[in-house]
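Q: Quick paste of what Swiss-Prot says about this protein:
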type: TOPO_DOM; residues: 1-24; note: topological domain 'Cytoplasmic'
type: TOPO_DOM; residues: 45-74; note: topological domain 'Periplasmic'
type: TOPO_DOM; residues: 99-115; note: topological domain 'Cytoplasmic'
type: TOPO_DOM; residues: 133-162; note: topological domain 'Periplasmic'
type: TOPO_DOM; residues: 180-1342; note: topological domain 'Cytoplasmic'
type: COMPBIAS; residues: 409-430; note: compositional bias 'Low complexity'
type: COMPBIAS; residues: 437-448; note: compositional bias 'Polar residues'
type: COMPBIAS; residues: 449-480; note: compositional bias 'Low complexity'
type: COMPBIAS; residues: 619-628; note: compositional bias 'Basic and acidic residues'
type: COMPBIAS; residues: 690-699; note: compositional bias 'Polar residues'
type: COMPBIAS; residues: 741-829; note: compositional bias 'Low complexity'
type: COMPBIAS; residues: 849-859; note: compositional bias 'Low complexity'
type: DOMAIN; residues: 987-1200; note: domain 'FtsK'
type: BINDING; residues: Gly1007, Ser1008, Gly1009, Lys1010, Ser1011, Val1012; note: ATP binding site
Amino acid sequence: MSQEYTEDKEVTLTKLSSGRRLLEALLILIVLFAVWLMAALLSFNPSDPSWSQTAWHEPIHNLGGMPGAWLADTLFFIFGVMAYTIPVIIVGGCWFAWRHQSSDEYIDYFAVSLRIIGVLALILTSCGLAAINADDIWYFASGGVIGSLLSTTLQPLLHSSGGTIALLCVWAAGLTLFTGWSWVTIAEKLGGWILNILTFASNRTRRDDTWVDEDEYEDDEEYEDENHGKQHESRRARILRGALARRKRLAEKFINPMGRQTDAALFSGKRMDDDEEITYTARGVAADPDDVLFSGNRATQPEYDEYDPLLNSAPITEPVAVAAAATTATQSWAAPVEPVTQTPPVASVDVPPSQPTVAWQPVPGPQTGEPVIAPAPEGYPQQSQYAQPAVQYNEPLQQPVQPQQPYYAPAAEQPAQQPYYAPAPEQPVAGNAWQAEEQQSTFAPQSTYQTEQTYQQPAAQEPLYQQPQPVEQQPVVEPEPVVEETKPARPPLYYFEEVEEKRAREREQLAAWYQPIPEPVKEPEPIKSSLKAPSVAAVPPVEAAAAVSPLASGVKKATLATGAAATVAAPVFSLANSGGPRPQVKEGIGPQLPRPKRIRVPTRRELASYGIKLPSQRAAEEKAREAQRNQYDSGDQYNDDEIDAMQQDELARQFAQTQQQRYGEQYQHDVPVNAEDADAAAEAELARQFAQTQQQRYSGEQPAGANPFSLDDFEFSPMKALLDDGPHEPLFTPIVEPVQQPQQPVAPQQQYQQPQQPVAPQQQYQQPQQQVAPQPQYQQPQQPVAPQQQYQQPQQPVAPQPQYQQPQQPVAPQPQYQQPQQPVAPQPQDTLLHPLLMRNGDSRPLHKPTTPLPSLDLLTPPPSEVEPVDTFALEQMARLVEARLADFRIKADVVNYSPGPVITRFELNLAPGVKAARISNLSRDLARSLSTVAVRVVEVIPGKPYVGLELPNKKRQTVYLREVLDNAKFRDNPSPLTVVLGKDIAGEPVVADLAKMPHLLVAGTTGSGKSVGVNAMILSMLYKAQPEDVRFIMIDPKMLELSVYEGIPHLLTEVVTDMKDAANALRWCVNEMERRYKLMSALGVRNLAGYNEKIAEADRMMRPIPDPYWKPGDSMDAQHPVLKKEPYIVVLVDEFADLMMTVGKKVEELIARLAQKARAAGIHLVLATQRPSVDVITGLIKANIPTRIAFTVSSKIDSRTILDQAGAESLLGMGDMLYSGPNSTLPVRVHGAFVRDQEVHAVVQDWKARGRPQYVDGITSDSESEGGAGGFDGAEELDPLFDQAVQFVTEKRKASISGVQRQFRIGYNRAARIIEQMEAQGIVSEQGHNGNREVLAPPPFD
């Protein structure tokens, strides 16, 4: 390659003029501003403060800070996605100004005007194209304001496709005007680039690295003698040279002639600064230069053919491997993975003092850590005398003698006359003799001598092939020493180094991948004459290159020449097998993959021990079963289905045993005895019913001698009337006593047959029935496997526990029924109930939490990503509101808006003289004109002179209970009656204190979220208070909403579902209120909090306060009882209207008394109804319950009933509510927190695991009357007007509530109560189908 002429030039600094200084400084500042602007555009966040963002409460995310956020928002608003190109245009303009700063040409104003027109056309058309075809970015239009105007103008005229075409044409014209480029020139340039790319790709595809000649990027005159190389050029090399010349001539048509040598160096796979072309592996073995896969070099050596072993079949005697070992010591190449040791001294012919240089030198390959196996050329004849076992080089480290390194004797120019050298004792092959030559040959050009290799056979291998024989050594003419020139080092080309390093790593991976794994050979056998070259897997890795070279013609002579030396060093390698297991590998093409390990097949005995029955054992097992069966009942036979069922039953029993060993019996003693009796009776009835269904299902075929199945044998159920006779899927808790012999093939038959023979099992179970209570009958039938069989076993109502004791005695199962009576704790929790059925008061033990209150992890977390507020859409909606109000001749300006999770409030500044009532009357018309579901008008906003207009959001967000509970307002509130309602329109949580309400009235239609709101309040108190602080009385007529809380320790009594019990519970609350008032008056306190403080103070003084109102006959206590801390009581009624309509007007008086006086006693009411009518929510109740919550109602009348004002009829439902707090006349709009059923069940289960409820007796029982509070009883006082009303009714002979109401001028409720008292006394009849009553009493006597 010709050397480029360079001249040393001295760099001088020239001073710039003042104008240029200012220009370059200004350009640098503009470029920095463009970089800052690009960072601001890329890091834009809609929540940052900007021109379109009015309120923000978060840290700034933009990298450019607040100015960057403002500027990015403005650019996106104007240009859309084209704003990203503005920094690029700024940098390009700076570059253009810097390049043309020295030009002093005059200014062509016409050209400037054309460029300005072109710039404007490009900007406008680009924005328009983006607006028509691209998606919007964030909440901006894709083309910005400019693109939106163009698109809205062109689409009605030309449609989207026509507008796109028109804008493209204008864009093309603008590009020409701005740049001055002709589109013909642009097309030619694009075509030239495409052709260059295709030419480059096609040449690169056809190119082969191994055929690139070194002369393409090396100067022949400087580095090599061209005439001398052509003298030794072979026919093959000449053919290849001609092909390369033709390819270069073709490439000259498309590639710059000045860059040919650079391209050749780039694609040749060779570094420009390589010193030598010999490729060595990490273990010192030369890589075959003709191996395209591993060497990565040329496959041709066109300079030399006289000594080419491929063309001349000359013996390979060149010591390349020894030279490689020396080179690894001198150069910084990778060390060999396996140890390569020196050859021990052996008496032989001396090594020649000087060796010829390596003639065949490939390009240096990668420094691999594994030896490279070079495949032998195809033209070489294979020698049958040479073969190599694999075991001899497998483990040289385990031998006491240091392994012998294979030695390659050097060869001279005449291989036929060269003697084969062996290492001498006084001069071992160390590598020092070769290092000097290698260092010289590293920088030398390719020599004229051909490398030849001679394989030196190790001493330990010789007895395997043939006996050592003396071989005559032929004289060899010594070659003339070659004067070598040191090749000058060239400067590194770093890009080529990177390419070469990458290829070197790839070749290392390939070499390591295809490295063979030797397999051990147990017994050496002599190699037959018909054996060909050894396999790849049998070649030792140390001599990888030389192991393939026996195909050369001189290998046989070299092997025979080393016979004597090999005999001396025979014990170097041995056939000792390694101690550890050798990996089994599979030979073939590709990586050596280990074969799978051998798997030991278990015997029949082992399979039988695991319960696996082989088909061959079936006959023997059936015979054994029949033999045992004949001992007890002759004639009983079983079919295959029954045998399989019994085997499944046995497996189920074993599984139950393992489950008991895993979980133990730690919770069997926690159940009270009375609960055990009730649960055991219920489970026995379920077992009987399930046995009936199973018998009907499988009663097709019975064994001979079996008695017919009778349900009378299993009649035992005190709760039979309460259970359904339908089939039930049982749920077994797998807890079984550990059995001693789990696998017995005969016993399951007895166990399976028992349910079908009710007579015999009754006789067998007579003795266990007297010893064991009925509770333990579910002690062991818990088998989750094969439910059809295992459920038939517990059909016995009396202790079927021995059914699982049978398999323990395979020979004499009769005594099994005498042994199972072991004192075992009862397990009433093991039931036959379906897992999907809810069971109230379930005693199944749970893991007791360690925290005093439930964790928030039980609730559903809110989503981490919050959708940003679309301020642009809000601005558009504000303008639309103003326009719609103007249509109704109302002038108003939207001064502010408050976006919330569900609705957005727009604050209207009305013009002077405009009344707010006008907007309230237009609420429905505004909803219609704004295309919204509902519009609520807030006439007065506290603290502001504006009118609020609440519109629903397009995308409604869900308010999660967890995010409301995880708030400082809720956590910091010390009251145990703190409840959360949801979020207001500003997104702030709304927290209320039930102790300050003090009672709550909730109303809403079905589906409005009323029950969800009640659940949210209950969960709030469960997350705030312990059972000793707050207790609940829940009344749920629908038996759906509040029944899920059954079993929590906060309950005073079970969830009340009967209306009679509900009235009794309210009466108990009134009596409890009176009792607490007496105690508080005795202690001189005014509320329950003061009472509890007195009790706590007495406890700290260690002087408890005795009950001042206790009498010896009041209770069975032997000592005087003391006062204890009283919890708050919350009475929750889910359907108040149903309670009022079912029980009667008596409940109204009880609720009124509680609402009036119960606040100080710590009793609070939460009444929920879906019918807020005046006959349900009376004036007396409303007067005493000031705090109200209104969900969506059906009409303004209902809204006025619950809130005393309209507005609830325009709510959105699904938790949207109006909350009227205590001492407040203006309701607050709140979006209720959403509670899932899974969350409720999770919290309930968490509290159930903490403890059991301590119910108070007598809450739901009525001691005064058996009929409850449904009507008049003897103890109730008659109305003062009762006698006068009776006289009026008997005289008029017409009984009606309205007549009594008009006659005595009393309220409707009082008149109705008087009529009911008359009905109870028998004066009037019951109300007929038409609503009339008959007067039964005779008329008064005159």
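Cβ coordinates come from backbone N, Cα and C, glycine included.
Keep in mind the model is a prediction, meaning the values are calculated, not measured.
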Q: Taking the Cβ of Ser1011 (ATP binding site) as the centre, count every other Cβ atom within 10 Å, in any protein chain shown.
A: 23
Q: Taking the Cβ of Ser1008 (ATP binding site) as reference, which residues of that chain separated by at least 6 in sequence fall under 8 Å from it?
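A: In sequence order, the residues whose Cβ lies under 8 Å from that of Ser1008 (ATP binding site) (at least 6 apart) are Phe1191, Thr1192, Val1193, Leu1211, Gly1213, Met1214, Gly1215, Asp1216.
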Q: Mind checking which of Gly1007, Gly1009 has the fewest other CB atoms within 10 A of its CB? They're the binding-site residues.
A: Gly1007
Q: Far apart in sequence but close in space: which same-chain residues, 6 or more away, have a Cβ under 8 Å from Val1012 (ATP binding site)?
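A: In sequence order, Gly1215, Gly1232, Phe1234, Val1235 meet the Cβ cut-off.
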Q: By Cβ distance under 8 Å, which residues at least 6 away from the ends of the topological domain 'Periplasmic' (133-162) in the same chain are close to it?
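A: Sequence-remote neighbours of the topological domain 'Periplasmic' (133-162) are 44, 46, 52, 76-83, 123-127, 868, 870-873.
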Q: Within the same chain, and leaving aside Gly1007, Ser1008, Gly1009, Lys1010, Ser1011, Val1012, name every residue whose CB is within 8 angstroms of the centroid of the CB atoms belonging to the recorded ATP site, in sequence order.
A: Gly1004, Thr1006, Gly1013, Phe1191, Gly1213, Met1214, Gly1215
Q: According to DSSP, folded down to helix, strand and coil, what is Lys1010 (ATP binding site)?
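A: Going by the DSSP assignment, Lys1010 (ATP binding site) falls within a helical segment, counted as helix.
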Q: In sequence order, which same-chain residues at least six apart have a C-beta under 8 angstroms from Lys1010 (ATP binding site)?
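A: Expected: Val1002, Ala1003, Gly1004, Ala1168, Gln1170, Phe1191.
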Q: Of the residues in the compositional bias 'Basic and acidic residues' (619-628), how many are helix, strand and coil by DSSP?
A: 10 helix, 0 strand, 0 coil
Q: What parts of the chain pack near the topological domain 'Periplasmic' (45-74), using Cβ distances under 8 Å and only residues at least 6 beyond its ends?
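A: For the topological domain 'Periplasmic' (45-74), the list is 36-37, 39, 83, 138-139, 868-869, 871-872, 875.
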Q: Looking only at the topological domain 'Periplasmic' (45-74), what are its DSSP counts of helix, strand and coil residues?
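A: Result for the topological domain 'Periplasmic' (45-74), in helix, strand, coil order: 10 helix, 2 strand, 18 coil.
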